[in-house]
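Database features, via Swiss-Prot:
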- H9: active site, tele-phosphohistidine intermediate (ACT_SITE)
- E87: active site, proton donor/acceptor (ACT_SITE)
- 8-15, 21-22, R60, 87-90, K98, 114-115, 180-181: substrate binding site (BINDING)
- H179: site 'Transition state stabilizer' (SITE)
Amino acid sequence: MPVLVLLRHGQSQWNLENRFTGWVDVDLTAEGEAQARKGGELIKAAGINLDEAFTSVQTRAIRTGNLALDAAGQSFVPVTKDWRLNERHYGGLTGLNKAETAQKHGEEQVTIWRRSYDIPPPPLAPGGEYDFGKDRRYAGKDLPDTESLKTTLTRVLPYWETAIAPKLKAGETILVAAHGNSLRAIVKHLFDVPDDKIVHVEIPTGNPLVIDLDADLKPTGARYLDAARAQPLPAVG
């Protein structure tokens, strides 16, 4: 039966600095690299043989996937990159320190932007420091200027349905190395998590989440490979 392994990228430099990262291409810290390797070691220890991997076009996710595959002894596994697996676009909050933003706009407003399901932050102004339309990896793409978790899911799911789900339905074991919110979108879809509950689902960095699926891609079981760093999971069935 198909198996899906979700792996959130290891700690990035802006995670460490408590900044809204979103689509900014920030690299892993040394700790983040270690988390990615540990994730791969856990995959190897669990005896999971991957058939294919998917990741975003952001360096922190790409490197997490590569480091994990190498540590798992499976660096030969083909990897497909697509921008639709990117992190949520934080719009006008991009690059800002989270604590300073709360002081400026109020804790309640920032919490709404971060944790509501369908309320996005203010849009990113065009032509500024973080104008992703200038980045050639997004050439010809219709890009958002901000996203809520709801619109992140709207972006992720078509790619899931056309690229990843068919591989799983063929019985493959798939790794998706991506980001907290793009992975949260997949979890919401698979487990049918209510809108008001998904914003509270946390996915820890560098800890492989293994989801066993039936032929219809309904979860039959789910577990984190590092139990000591696990977070609560949605109910199966």
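Using the three backbone atoms N, Cα and C, a Cβ is placed for every residue, glycine included.
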Legend entry - Which of H9, E87, K98, G180, all recorded positions, has a Cβ with the fewest other Cβ atoms inside 10 Å: K98
Legend entry - Spatial neighbours of E87 (active site, proton donor/acceptor) among the recorded positions Q11, G22, K98, H179, G180 [C-alpha, 10 Å]: G22, H179, G180
Inset, instruction - Could you measure between R8 (substrate binding site) and H179 (site 'Transition state stabilizer') for me? Cα positions, answer in whole angstrom. - result: 5
Inset, instruction - List the Cα distance (Å, whole number) between H9 (active site, tele-phosphohistidine intermediate) and H179 (site 'Transition state stabilizer'). - result: 6
Legend entry - R8 (substrate binding site) in three-state DSSP notation: strand
Inset, instruction - Sort out for me which one of Q11, G22 has the most neighbouring CB atoms within 10 A, since those are the binding-site residues we care about. - result: G22
Legend entry - Packing count at R88 (substrate binding site) (other Cβ atoms within 10 Å of its Cβ): 28
Inset, instruction - State the Cα to Cα distance, in Å, between H179 (site 'Transition state stabilizer') and W14 (substrate binding site), rounded to an integer. - result: 13
Inset, instruction - Would you mind listing, in sequence order, the residues at least six apart from W14 (substrate binding site) in the same chain with a Cβ closer than 8 Å to its Cβ? - result: F20, T21, V24, V26
